[in-house]
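Below is one structure, written out as structure tokens, with a few remarks after it.
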There are 2 protein chains.
Amino acid sequence: MKQMTMETLQVELGDRSYPIYIGAGLLKVSSYFTDAIRRKQVMIVTNETIAPLYLAQLEASLEGFQVDKTILEDGEQFKNLDSLNNIFDHLLTQKHNRTTTLIALGGGVIGDMTGFAAACYQRGVDFIQVPTTLLSQVDSSVGGKTGVNHPQGKNMIGAFYQPRAVVIDTDTLKTLPAAEVSAGLAEVIKYGLIYDQAFFSWLEENIDLIKELDAAAITHAIKRSCEIKAEVVAADETEQGLRAILNLGHTFGHAIEAYTHYKEWLHGEAVAVGMLMAADLSRRMGRLNEQDCERITKLISRADLPVRPPVSMTKGDFIRYMAIDKKVLDGQLRLVLLESLGRADVTADFPADMLQETLALFTTH
Amino acid sequence: MKQMTMETLQVELGDRSYPIYIGAGLLKVSSYFTDAIRRKQVMIVTNETIAPLYLAQLEASLEGFQVDKTILEDGEQFKNLDSLNNIFDHLLTQKHNRTTTLIALGGGVIGDMTGFAAACYQRGVDFIQVPTTLLSQVDSSVGGKTGVNHPQGKNMIGAFYQPRAVVIDTDTLKTLPAAEVSAGLAEVIKYGLIYDQAFFSWLEENIDLIKELDAAAITHAIKRSCEIKAEVVAADETEQGLRAILNLGHTFGHAIEAYTHYKEWLHGEAVAVGMLMAADLSRRMGRLNEQDCERITKLISRADLPVRPPVSMTKGDFIRYMAIDKKVLDGQLRLVLLESLGRADVTADFPADMLQETLALFTTH
């Protein structure tokens, strides 16, 4: 076997600590899985898109175990209690006991559902995350959020539950649509913006290699992203303070996603534009210099991400979807803004007219 | 208001510690609830049997809060994901946020489901237990087990999740069928048998007062039961060792429940007979003297509990439902046996012929 790029990151959570392995070809290496599996039973949960691509590889690495599979339909619309019950049905039919291990093979939807199934099955069994999208690799690997959607709201039903290990095979990105790689890069860039100017500079230098999925470059980008998320989450387990900076660009982004009915725009694309809007407001407030603001726009653009909202979206649409009028009146509109390139905070203290100017700049009518 | 009998027991679990309040008329005292409710939103979950009896009392104690209700059908067959979803629907329709408090008003089924709903709603909200059956008062108040059934197995889906408070109003036992009071007493007697000879003696002296639901006697019986369960659980959070003694009589009892299709016999009735069978085997092994064995039979009988399995149930039925042949062969049949009156342990080390003699004594063919 040729020399592999492989990095390990230990997420420190006391007796719930776990390793994240990152590198090319890891799916083919048994030990990453077998080290984390307690007994003989394994249930792989994946979807119809991922199964033909990577299920056989993973199964080959699990020789000698009782390996059962639950293959769900692909899509956010299947992230619900019915799919969860489908996993439980398979577990019970195949007589999985409390020492079983669930393996989530897929993107964020599969990871969230499998983690929640593991949290609930017989009041908690082990699970291993194998995220196959860049977004899930840099987002769901850390934080322990699991759950499903309810018709009346996303992620309304769930649990905080940590995996035994996360195995990130960067080769799985080779089959990911380019737009989804870019959407994942939006979150990677976010980590630089909110926490690490040097990482942001490194991204500027390596964005082309990353887009080519160069193993060393993408491995570092993922590792540093997970590290930053782990540091931010560890500093704020209760999700009251610092952790909120992980939402840079999300308030503006959610307005774009809502306006496009969560269909046309990928989450990361909306966040990319949202980050530019937050940067623009930060610049107007004198927190960010013009040059850094331009660097951000340029990097996002080079990552093949949009830099403007949908052309048809008006200032009024933003005000409506962000409920700005009401929230500004109540002093409840809190935004994540940049203090400088590499530092962010959450504040309700910004001039309303500057917010209006930012909205005006990013819309045409 | 007349002088009330009220006892408080603090269950010590670090930052998840909570009080159990026990006494007559507590449903009518606002402060037990309001002290444990963080904000303004409350969702009471109860069933169609309990609602007409106690819902108005509880609502009167929650004046000034946003009180919403989910009223489920009564019965173990409704302890499933559909009922759980029904709770989520109500929470979302009434716009309950992460600071809401769920209140479980009912027996074990309501308590298990409501606790699990609280564990999952928005990844965890507060809940208060108001157990209205003797069994749930002495069993579900401590241990943090929540969950629902799956068609293929009981309690297969759930979580460990602690309440903010448990409010036990002993007046609710006045509307409980006598057979269910007795079934709860089986568990109360169990706590004496496995852990506290003095409590067993106290039960012998006070069994008639308890059956009359004398407030002071029933309050003490519940409090001491909860104390013992809390001590046993605290000594063994991982459920590997000591905690298993809580299952005294359950292996024999489960055979009776399975034989009667979980319909004709109440769980506590089956456990009562199971405890007598465990006591008989303990006596044959020289662990328990004949006199203590007779005291146990007498107390169970005075609690209006059965002392024999169903007349039609044979030794072969027990062997089949307990899977004794296979388990004894594999050395896997572990039973909770008495070391003496007030002490129990779990062991696979008992003579197979003595087990056969016990089965023969309790069956007629």
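Positions of Cβ are set from backbone N, Cα and C atoms, glycine also.
Whatever TrEMBL says is automated annotation, not expert-curated.
According to TrEMBL, the features are:
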DOMAIN    A:71-182  domain '3-dehydroquinate synthase N-terminal'
BINDING   A:74-79, A:108-112, A:132-133, A:Lys145, A:Lys154, A:172-175  NAD(+) binding site
DOMAIN    A:184-328  domain '3-dehydroquinate synthase C-terminal'
BINDING   A:Glu187, A:His250, A:His267  Zn(2+) binding site
DSSP state at A:Thr133 (NAD(+) binding site), helix/strand/coil: coil
Chain-internal residues, separated by at least six, CB under 8 A from A:Thr172 (NAD(+) binding site): A:Leu27, A:Leu53, A:Tyr54, A:Thr132, A:Thr133
Separation of alpha carbons, A:His267 (Zn(2+) binding site) and A:Gly111 (NAD(+) binding site) (Å): 17
Spatial neighbours of A:His250 (Zn(2+) binding site) that are distant in sequence (at least 6 apart) but have CB under 8 A: A:Val271, A:Gly274, A:Val336
Packing count at A:Gly111 (NAD(+) binding site) (other Cβ atoms within 10 Å of its Cβ): 28
Candidates A:Asp74, A:Gln77, A:Gly108, A:Thr175 (binding-site residues) - the one closest to A:His267 (Zn(2+) binding site) by CA: A:Gly108
Euclidean distance between Cα atoms of A:Glu187 (Zn(2+) binding site) and A:Gly108 (NAD(+) binding site), Å: 13
The domain '3-dehydroquinate synthase C-terminal' (A:184-328): DSSP-derived helix, strand, coil residue counts: 106 helix, 0 strand, 39 coil
C-alpha spacing of A:Glu187 (Zn(2+) binding site) relative to A:Gln77 (NAD(+) binding site), in angstrom: 23
Residues that sit under 8 angstroms from A:Glu187 (Zn(2+) binding site) by C-beta distance, when 6+ apart in the chain: A:Leu134, A:Leu135, A:Val138, A:Asp139, A:Ser225, A:Gly268, A:Val271
CB contacts for A:Gly108 (NAD(+) binding site) [other CB atoms within 10 A, all chains]: 20
Number of other Cβ atoms within 10 Å of the Cβ of A:Asp74 (NAD(+) binding site) across all protein chains: 17
For A:Thr175 (NAD(+) binding site): intrachain residues, at least 6 apart, with Cβ closer than 8 Å: A:Leu53
Binding-site residues (A:Gln77, A:Thr133), the one with most neighbouring Cβ atoms at 10 Å: A:Thr133
